[in-house]
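Chemist: Below: one structure in structure tokens.
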């Protein structure tokens, strides 16, 4: 049975949620394998907008089920909120979701820590202040709380006692959240989840299920925000690449396809290097047409031209076998469109960054292509072909609007052009 992974090929916000929705009816399981409430995946169903930060992107009318894997850090309050929104419109939908008992939790003091640490930095790194970084830090330093602790109150209280002792020693009176506050929060959200009839499982239990059926693995953020290979330190705290499926007990060798999602241009939220960034009226126009404001933070996204060296880097790092291009319609009507083909790095021309260091010092080298009136224009097809030739991976699907149905295969696009 087919196994596919969808990952962001840029700095996140590429439209992965919509792409997952488009494919979801072909898969029995949609699995989130990393990240937390710092991701914002927007979907449209019957002209209504839903923004999921925690939940896998499955359509309400789909037979697919969703799994939240152990590589995530779960904000249970946000999870309950999202489930309640879906339940109000689609009663019983919560029972389609399963949570890995091995997943770590974002706790109230993690959000406090996020604020405290960001305020102490000489230069902010642009955290979403959702507690993601501190939660992953606790995971690595063995100070975290896993979901299964909620089902053993004695063990939970002992763990909270130990963790609070350390945190109060580190932060003193700056930390306002007590261990009792956290315990009450966890019991409250646990009860709310039980009322919603969400399911609990583990990747060990689900391993045979996943291997005997079709699974779509939904990545969060993008390759250039990956903890190991992104523009460190301006990155997220987890894996954004296909190899993140290991947190669900899978290997990348078990994946049949890895699709990278990219915009027809480039955006970035927060601080960090951005070689093709543009400013002024040109940037403002693209930002407004593309509604480039963060689904999680509402922050205006930085905007730039398409960056082919960054895409080549993403292809190599995440083993991309196909591409999906989104927001193609945003560039409609422009006479000329710039594309970065190479970087100049310390006086040398490079087609692909050697490491994430290159992003910090790169000067973009551009070529200029003819624009298009709409996505049925031959110049748009030439734009796609140019990207394919440069990257060495086919663009198989095109998104030209926010709704799930505003997407087609490249073959259908060509047929439509030929029939006009």
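Quick reminder: no glycine exception, Cβ is built from N, Cα and C everywhere.
Pasting the relevant annotations from Swiss-Prot:
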type	residues	note
BINDING	12-18, 40-42, 301, 327-329, 399-401	GTP binding site
BINDING	13, 14, 15, 16, 38, 39, 40, 41, 128, 142, 221, 236, 299	IMP binding site
BINDING	13, 40	Mg(2+) binding site
ACT_SITE	13	active site, proton acceptor
ACT_SITE	41	active site, proton donor
BINDING	295, 296, 297, 298, 299, 300, 301	substrate binding site
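What's the neighbourhood like for these features in this structure?
Modeler: Residue 42 (GTP binding site) is surrounded by 18 other CB atoms, counting those within 10 A of its CB over all protein chains shown. Under the DSSP three-state reduction, residue 42 (GTP binding site) is assigned to strand.
Annotation note: residue 128 (IMP binding site) sits in a coil segment as assigned by DSSP. Of all Cβ atoms in the shown protein chains, 21 besides its own fall within 10 Å of the Cβ of residue 128 (IMP binding site).
Secondary structure at residue 13 (IMP binding site), taken from DSSP and collapsed to helix, strand or coil, is coil. All protein chains included, residue 13 (IMP binding site) registers 29 other Cβ atoms within 10 Å of its own Cβ.
Residue density at residue 41 (active site, proton donor): 25 other Cβ atoms are found within 10 A of its Cβ, drawing on all protein chains shown.
Here the Cβ of residue 301 (substrate binding site) has 22 other Cβ atoms within 10 Å, regardless of which shown protein chain they belong to.
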Chemist: Quick check for you: of the recorded positions 41, 128, 299, 301, which have their Cα within 10 Å of the Cα of residue 15 (GTP binding site)?
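Modeler: Qualifying among 41, 128, 299, 301: 41.
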Chemist: Filter the binding-site residues 38, 128, 298, 299, 300 down to those whose C-alpha lies within 10 angstroms of the C-alpha of residue 12 (GTP binding site); answer none if the list is empty.
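Modeler: Checking each Cα against residue 12 (GTP binding site), there are no hits.
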Chemist: Which one is it: of the recorded positions 18, 41, 42, 300, 400, whose Cα lies the shortest distance from the Cα of residue 128 (IMP binding site)?
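Modeler: With Cα distances computed to residue 128 (IMP binding site), the winner among 18, 41, 42, 300, 400 is 300.
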Chemist: Looking at IMP and its recorded binding residues 13, 14, 15, 16, 38, 39, 40, 41, 128, 142, 221, 236, 299, figure out the farthest C-alpha pair and report it in angstrom, whole number.
Modeler: 34
Chemist: Under 8 Å Cβ to Cβ from residue 299 (IMP binding site), same chain, six or more residues apart: give me those in sequence order, or none if nothing qualifies.
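Modeler: Once residues fewer than 6 apart are set aside, residue 299 (IMP binding site) is near 269, 270, 293.
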Chemist: By CA-CA distance, flag whichever of 18, 221, 300, 301, 328 among the binding-site residues is nearest to residue 41 (active site, proton donor).
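Modeler: So, spelling it out, the nearest of the binding-site residues is 18.
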